[in-house]
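Reviewing the structure listed below.
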Amino acid sequence: MKFGTLSDLSNLISELSPYKTVVLANTTVEKLWLDRLDGFEAERIVIPDGEEHKNIETVKGIWAKLQELGFTRKSLLIGLGGGVITDIAGFVASTYMRGTMLGLVPTTLLAQVDAAIGGKTGINFNGKNMVGTFYLPDFVLIAHETLSTLPRVELLNGMAEVVKYGILDRKVYSLLKKLGSVEDLDRELVKACVEVKLRVVEEDLREGGKRRILNLGHTTAHAIEKLSNYTIKHGFAVAVGLMVAAKLGEILYNFDPGKVEELLRKFELPTGLPFEPEKILGEMRLDKKAWYGRLTFVVPIEVGEVTIEEVEEDVVRRALEAVG
Ligand code: NAD
Ligand code: MG
């Protein structure tokens, strides 16, 4: 893990002394950042922008291109982009010739604090992230300057996960309290979030137990995303999910939901339900199978302390109605 600038990339590459280097990016990031990179030799593979390209067809195209380029397992694939690119790059690097070198340079807030951290790779196949691997990169370079070109909506999208870390961790919470608005987001805050995720993942790479605390807000978020046919962005659904979790915390443990609401408002994230409580509950019930047959929630007890538990449907309904 390196917190630095894009100019650090050439050193990171030479430390690995790869046989060949290929940078994977999409057309948007190509123009904004890939064209500006220098100091090392690399081939490029550029794919179209969009979640709809995170699939096996795109992967096959990249595998074929790598073969054409004479890419070997001693070669380095660098994913430069948002979570879609870091997920695809990770998947390709873990499967091509049973595994090549991998470097990730996340360029969205969401990818910097979440997607590029923790070793999960994946593509969509009859469902989101249905096919994937666990594969740790040789390096992750977090170059703060890349966020300067990010559209505001993408910044806010990532900010919801940052607020999530704020409930999980006291240090992130106090940094968030000091922040005036999303514009003030700085390196220190990104770093503090990454540290929380790394700490959790180091204890539990394969999601047997502790890693599930990172799903705070996500039981509700998944239901909302599905109901909206994925027109509501993940982070905006997570924001509402955090409110629901906060209300559950209030009902079960006297947690103060005002702490979460205050942060979400400051960062212009939604705090109210986009669908009727019963509709959301219905979707959660459908999703139950994925949750081991139970309605499982990560519930805050206080800032920095959460539990993972099965919650009675009636309590969930009360929390949803309280969020309104
Ligand atoms: P994304 O990769 O689609 O990026 C969002 C948009 O921002 C895209 O249009 C992209 O081209 C653009 N963009 C990227 N960097 C930019 C920059 N610096 N300036 C301007 N525009 C830029 O989406 P995302 O939100 O970064 O990531 C979402 C993906 O991450 C999903 O596919 C999700 O499944 C995955 N994810 C994976 C994990 C994991 O653990 N592997 C965790 C969370 C999310
Ligand atoms: Mg998430």
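Glycine too: its Cβ is placed from the backbone N, Cα and C atoms.
Taken from TrEMBL, the feature NAD(+) binding site applies to 49-54, 83-87, 107-108, Lys120, Lys128, 146-149. Around Thr149 (NAD(+) binding site), the same-chain residues at least 6 positions away in sequence with a Cβ under 8 Å from its Cβ are Leu32, Trp33.
Taking the Cβ of His218 (Zn(2+) binding site) as reference, residues of its chain lying under 8 Å away and at least six apart in sequence are, in sequence order, Val238, Gly241, Val298. The Zn(2+) binding site annotation in TrEMBL covers Glu161, His218, His234.
Under the heading domain '3-dehydroquinate synthase N-terminal', TrEMBL lists 45-155. Within the model, the domain '3-dehydroquinate synthase N-terminal' (45-155) shows a mean pLDDT value of 98, rounded to a whole number.
The annotation domain '3-dehydroquinate synthase C-terminal' is assigned in TrEMBL to 158-290.
With a cut-off of under 6 Å between the Cβ and any atom of ligand 1, the binding-site residues Gly83, Thr108, Thr146, Thr149, Glu161 reduce to Gly83, Thr108, Thr146, Thr149. Annotation for Thr86 (NAD(+) binding site): spatial neighbours Gly79, Leu104, Pro106, Ala111, Ala115, Ala116, criterion Cβ-Cβ under 8 Å with sequence separation of six or more. Same-chain residues with CB within 8 A of the center of the Glu161, His218, His234 CB atoms, the Zn(2+) site residues themselves not counted, are Asp114, Ala160, Lys164, Gly217, Ala221, Gly235, Ala237, Val238, Gly241. Distance from the CA of Thr108 (NAD(+) binding site) to the CA of Glu161 (Zn(2+) binding site) is 12 Å. A Cα-Cα distance of 14 Å separates Thr108 (NAD(+) binding site) from His234 (Zn(2+) binding site).
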